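For reference, TrEMBL has these:
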TRANSMEM  25-47  transmembrane segment
DOMAIN    41-287  domain 'G-protein coupled receptors family 1 profile'
TRANSMEM  59-78  transmembrane segment
TRANSMEM  98-120  transmembrane segment
TRANSMEM  140-158  transmembrane segment
TRANSMEM  205-229  transmembrane segment
TRANSMEM  236-258  transmembrane segment
């Protein structure tokens, strides 16, 4: 992996959350528990959707893909955090840092696009129910998911290349528990004002743009529900409520983190925990509790396993 000119830094030191051994063990326990919940909860959703014919609608197809993305997203940071919390030296190689940065933005931006597609799915189901089957056909769903991954890759490769062209020849301490663009470019031994604005425009505007599209879609859904007060529409709106919770939990911290130059405010590592760890663990809980179909499928799967 090529580096910027005159880069002398071979590794970065991740300070994590605390230097106190007792607190490190506490954070290790919490992260291990949350990571296990992410894996088990999202794997459960994937298994249910893949094995239950009653969960074959486009909504559950997209939910299955969201669960897969959440597993990948958390796995970019959580395993290394767990290792670092038990290690004396919190170091990550330059190449490892760049790889973590790349996959974090690749999977994270893919999730943003997928959440936008899921909002479009709910808008189509509620506002254009007669055309829903034609618009959200299986081939169209596959094309939309592929577009989400392609958009995530394009976004991430731009972010990574902008970071790699910077020289790193001095400080190598990152005040967080993982490598991210705003954290790394602060350590470059050159003027990064233009790079900061380019990256803020890239990541920040993608986050804000997707969020505004989501807000607009939910506003249209709400207007439709008020105009057609029927049991079916209220049931659909109930499904959207869980989606709103996921969107708020994921997008608001991302907008706070990326829609500003990296030096304008100090980094808040605890804000990063929300969208890198808490949001992926909340997805299976929210969708399981809010969806009767998922709860029924879970019960059928449980009875099948006991048989």
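Cβ coordinates come from backbone N, Cα and C, glycine included.
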Legend entry - Non-local residues, at least 6 beyond the ends, that sit with Cβ under 8 Å of the transmembrane segment (140-158): 58, 61-62, 65, 102-103, 105-114, 117, 202-203, 206
Legend entry - Overall pLDDT of the domain 'G-protein coupled receptors family 1 profile' (41-287), taken as the mean: 84
Legend entry - Non-local residues, at least 6 beyond the ends, that sit with Cβ under 8 Å of the transmembrane segment (205-229): 109, 112-113, 115-116, 119-120, 122-123, 126-127, 155, 236-237, 240, 244, 247, 251-252, 254-255, 258-259
Legend entry - Tertiary contacts of the transmembrane segment (25-47) (same chain, 6+ residues out, Cβ under 8 Å): 16-18, 63-64, 67-68, 70-71, 74, 78-79, 81-82, 85-86, 277-278, 280-281, 283-285, 287-288, 294, 298, 301
